[in-house]
Amino acid sequence: MKQGRVVRTYGGYFFVYDFETEEVYRCKIRGRLKQNDIEVIVGDKVEFQELDEGEGIIEDRLERKNRLFRPLISNVDQVVVTTAIREPDLHFKLLDKLLVLAHAADLEVVLCINKVDIPGLKVTKDEVGFYEDIGYQVIYTSATEGEGITELKDALKDKISVFAGPSGAGKSSLLNAIQPDLELQTDNVSDKIKRGKHTTRYVKLLELEHGGWVADTPGFSRLDISFIKPRNLQYFFAEFKEHLDGCKFNSCSHSHEPQCKVKTAVEDGVINEQRYQSYLQLLEELKENAKEDWRR
Ligand SMILES: Nc1nc2c(ncn2[C@@H]2O[C@H](COP(=O)(O)OP(=O)(O)OP(=O)(O)O)[C@@H](O)[C@H]2O)c(=O)[nH]1
Ligand SMILES: [Zn+2]
């Protein structure tokens, strides 16, 4: 039996990339899978049989590592959280929220700070350097000037990546800088015509010529964190981890409680004040949500 990965779905067909031959087969799916509620989506590894030339049938879905909802895709390795340093101005609260979403989905993160070329503006890497101190890989890029593109390519190599970040940050431009024919490779004309008629747009995995795949649809577009329990938020701020044990109260939320190790670390400058403020703000947001749920 052949093994491959679903790279796009269209009109009831699953397009499966054969790991061995590196060819894409247009596949149907066994009714048995549907009957057993075994969902097959883009990103899934599957077992399939070749029928005719270029056609096949999916017999089984292999084990999944994870599943995102927006876009609907599985087995994603990492999120490239992309934000411009200027135009639009770097919005730290939004950035921290994206990082929380990435961690909640158990994904690795690459932080891409784009538009470092913008003239007349002092680009201070110091402004964002503390993310490197936390342990994030930070790549400084200019999609227009080509800066950092090799480093970004290396970070994408042999992985399945999703880009995420505010509108206008340069996600499409970066993909274009990495590989100019990326969209064209898999877009075909009939797709485009159909797309005009239907509003739903399905995610596709685009193949990188140096190895790896990237989703053509950005992740976390809704920025909805309401599914996170307030008490779990602390675990999605990576640099808090080593300070979570010693608080006076076991249930410490690291906001108003006395003798809190997280707050001490902030006072000592070990945890960045701005990151801590992001935490407090997101915590409030989650608590408000919880209250509203209660009232409903
Ligand atoms: N100066 C400069 N401009 C850039 C750079 N990258 C992108 N831009 C410009 O920023 C604008 C937005 O870029 P896009 O690539 O469309 O941004 P996006 O993140 O895909 O935006 P959405 O599709 O709305 O999510 C475009 O006018 C780009 O030409 C860069 O590195 N430097
Ligand atoms: Zn505490």
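Placement of Cβ uses the backbone N, Cα and C atoms for every residue, glycine included.
According to its DSSP assignment, Ala169 (GTP binding site) is coil. For Asn114, Lys115, Val116, Asp117, Gly165, Pro166, Ser167, Gly168, Ala169, Gly170, Lys171, Ser172, Ser173, the entry in TrEMBL reads GTP binding site.
In this view, Cys247 (Zn(2+) binding site) is surrounded by 19 other Cβ atoms within 10 Å of its Cβ, with every protein chain counted. If you look up TrEMBL, you'll see Cys247, Cys252, His254, Cys260 marked as Zn(2+) binding site.
Among the features that TrEMBL reports, domain 'CP-type G' is placed at 65-223.
Here TrEMBL flags 74-221 as domain 'EngC GTPase'.
Apart from Cys247, Cys252, His254, Cys260, the Zn(2+) site neighbourhood in this chain, defined by C-beta within 8 angstroms of the site C-beta centre, holds Leu244, Lys248, Phe249, Ser253, Ser255, Glu257, Gln259, Lys261, Val262, Lys263. Cβ neighbours of Gly165 (GTP binding site) (same chain, under 8 Å, six or more residues apart in sequence): Val80, Val81, Thr82, Thr83, Leu98, Cys112, Lys171, Pro218. Proximity to ligand 1 at the level of Cβ atoms, with a cut-off under 6 angstroms, picks out Ser167, Ser173 from the binding-site residues Ser167, Ser173, Cys260. A Cβ distance below 6 Å to any atom of ligand 2 is met by none of the binding-site residues Asn114, Gly165, Lys171. Checking each of the binding-site residues Cys247, Cys252, His254, Cys260 against Ser173 (GTP binding site) by C-alpha distance, the shortest gap belongs to His254. Using a 10 angstroms CA-CA radius around Ser167 (GTP binding site), none of the binding-site residues in Cys247, Cys252, His254 qualify.
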